[in-house]
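**Student:** TrEMBL lists these features:
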type	residues	note
DOMAIN	26-159	domain 'EamA'
DOMAIN	171-306	domain 'EamA'
TRANSMEM	28-49	transmembrane segment
TRANSMEM	55-74	transmembrane segment
TRANSMEM	86-110	transmembrane segment
TRANSMEM	116-137	transmembrane segment
TRANSMEM	146-165	transmembrane segment
TRANSMEM	171-189	transmembrane segment
TRANSMEM	201-221	transmembrane segment
TRANSMEM	233-254	transmembrane segment
TRANSMEM	261-284	transmembrane segment
TRANSMEM	290-309	transmembrane segment
């Protein structure tokens, strides 16, 4: 009887470990798909810019156009819109920092420094998320995750080509880094407050609601919000809205739920790879040795995260 009990306990432990590993792999897939979507939507947004849109307009439309779709999904699923009292403040913080402040500061940086440079500086957030989780929340971090973080950071920096002291201004660099700081706050709050466990479309709805209201006010006050777009621009703006606000944001939340903020932040460095590949295929950009090395570093960081998840 004692032997059977030991065997039964070992079986339970093995099944628990397998379940945790499966959840980690699910989180990796969700985060990777989210990163790919975030990586290709700027190409669609650029087409909208040719039709009269700008950064603030795209931020507003990306949030606003998805609201009816998300509302309809919640109604069909029978999900109540009411947010639990304990989650109202974290949802508000994520709405302000994630849906609004991150995007606005990143788009503002484009006025001072090249887009590629701004995007690369924005990816300071995996480092900030890791440091925040370790120092503030005393979260343990494995050697594999440290190596993955270093590989992901190195890979992202390799995409930063033709950089010189005169290629950017202090204001642009500050804004791009600030966007990374805002996004790291968004990720840590989502992970540690527990709102990562909210129904994903419900959280996306409120993030988009905050983003639409705040970007609408900001764009109206500054005069940067314009709705005089071509039909093609409206179509691609709606497509960007569906892909990001309905698809990528929800998948990223699930990624944080199953892997944690640190792993999800590192995995999100797949986004620049998507942008590089599309730049080569769609925009005719060169696929340089530095970019190849960057892709290899980032892919290796993903392998390390998967290996770390397997050992959990």
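The first residue you see is number 1, and the count goes up from there.
Even glycines carry a Cβ here, placed using N, Cα and C.
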**Student:** Out of 55-74, 116-137, 201-221, 233-254, 261-284, what stretch is closest in contact terms to the transmembrane segment (290-309), meaning most Cβ pairs under 8 angstroms?
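**Tutor:** Highest pair count goes to 261-284.
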**Student:** May I ask whether the transmembrane segment (28-49) has at least three C-beta pairs under 8 Å with the transmembrane segment (86-110), counting pairs 6 or more apart in sequence?
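**Tutor:** By the criterion, they do not touch.
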**Student:** Determine which residues of the chain contact the transmembrane segment (201-221) at the Cβ level, with the cut-off under 8 Å and only residues 6 or more beyond its ends counted.
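**Tutor:** For the transmembrane segment (201-221), the far contacts come to 56-57, 59-60, 62-64, 66-67, 70-71, 73-74, 77, 79, 81, 83, 91-92, 94-96, 98-100, 103-104, 195, 245-246, 249-250, 253.
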**Student:** Within the domain 'EamA' (171-306) only, compute the mean pLDDT.
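**Tutor:** So the average pLDDT across the domain 'EamA' (171-306) works out to 87.
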**Student:** Under 8 angstroms, Cβ to Cβ: which one of 28-49, 55-74, 171-189, 233-254 has the largest number of such pairs with the transmembrane segment (261-284)?
**Tutor:** 28-49
**Student:** Of the listed stretches (28-49, 171-189, 233-254), which one yields the highest count of Cβ-Cβ distances below 8 Å with the transmembrane segment (55-74)?
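**Tutor:** Result: 233-254.
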